[in-house]
Amino acid sequence: MPGSNCTQATEFSLVGFTEDPAIQGTLFLLFLLTYLVTILGNLGMITLIRASPLLHSPMYYFLGNLAFVNLCTSTITTPRMLVRVLLGKKGITYAGCMAQVFTFDLFLLTECFLLATMAYDRYVAVCHPLLYPLAMSPERCSRLVTGSYLLGLTNGVGQTVSMSSLFFCSSSAIDLFFCDISLLISLSASDTTLSLVILRTSSSLLGVPTVLVVLVSYVAIISTILSISSAECKRKAFSTCASHLTTVSTFYGALIFMYLIPRSDTSRGGDKWAAVLYTVVTPMLNPLIYSLRNQEVKEAWRRL
């Protein structure tokens, strides 16, 4: 039960990175540039995929949805961080924080499932190319993407409902640049058992299987590629997967560090930079990686 001198919080304080004005100015310019590149890169990728008949295939259908999710994830966190650095406004209302938890958890899990779906798509393309038109038909691709969004929505609703029952003191400060559910649970003045159970269960039942799908898919892909005798065919097969593998490694590496490695509250110093990696850096890098390493995307840009 909350203490008698603890009143329910109506606002949280986002600590951010530093109070040094010089460093804040540098961070503002860095994050502003990153956000602009993210917006232009992902909007450009979505527009290119829709406009170019060359990219009307399952892989680019998934990639277009990934670009949309990256756009949303970055927009949920980065603009508020920029306002905080520029104007010094640390506060975020309780309702705003809950809304951020809901939308962020929705799109975060959706991205996990989209990356797993893309790994399965590459597995079928490399290991069972003759079955690819049947296995990745337009109807099945549409169901896979719709299912990703629905599971993300389920996660967002579940996490938000579990958070709504928690009590927070009015002096609560979040040592991050956005409302992260794991930090909010640790700040609560009430019993957090149910919220922790929901968080761990969601991570185990929804997040971990996506990691396993990616791992199993790429073990099979690498095994198939190594069995190919032609060096040129090996290079082409690997080039179709390298971009996605780079994205997956960066994204899941940061998430595992943030949410699945147990540690005490005093040893969470790297959380801010891990969060920057999957909320700011990865959404910016994804369209660049797929543009620079993919010959079909380069050809579509050239034709346009």
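Placed from the backbone N, Cα and C atoms, the Cβ positions cover glycine too.
So that you can see what the record holds, here are the features copied from TrEMBL:
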DOMAIN    41-290  domain 'G-protein coupled receptors family 1 profile'
TRANSMEM  27-48  transmembrane segment
TRANSMEM  60-79  transmembrane segment
TRANSMEM  91-116  transmembrane segment
TRANSMEM  166-185  transmembrane segment
TRANSMEM  205-229  transmembrane segment
TRANSMEM  241-261  transmembrane segment
TRANSMEM  273-292  transmembrane segment
Message: Which sequence-distant residues neighbour the transmembrane segment (273-292)? Criterion: at least 6 residues beyond either end, Cβ under 8 Å.
response: 31, 34-35, 37-38, 41-42, 44-45, 63, 66-67, 70-71, 73-74, 76-78, 108, 176-178, 180, 243, 246-247, 250-251, 253-255, 257-258, 298, 301
- prompt: Which residues of the same chain, at least 6 past either end of the transmembrane segment (241-261), have a Cβ under 8 Å from a Cβ in it?
  reply: 108, 111-112, 115, 118-119, 122, 126, 182, 203, 207, 211, 214, 218, 221, 270-271, 274-275, 277-278, 281-282, 285-286, 289-290, 293-294
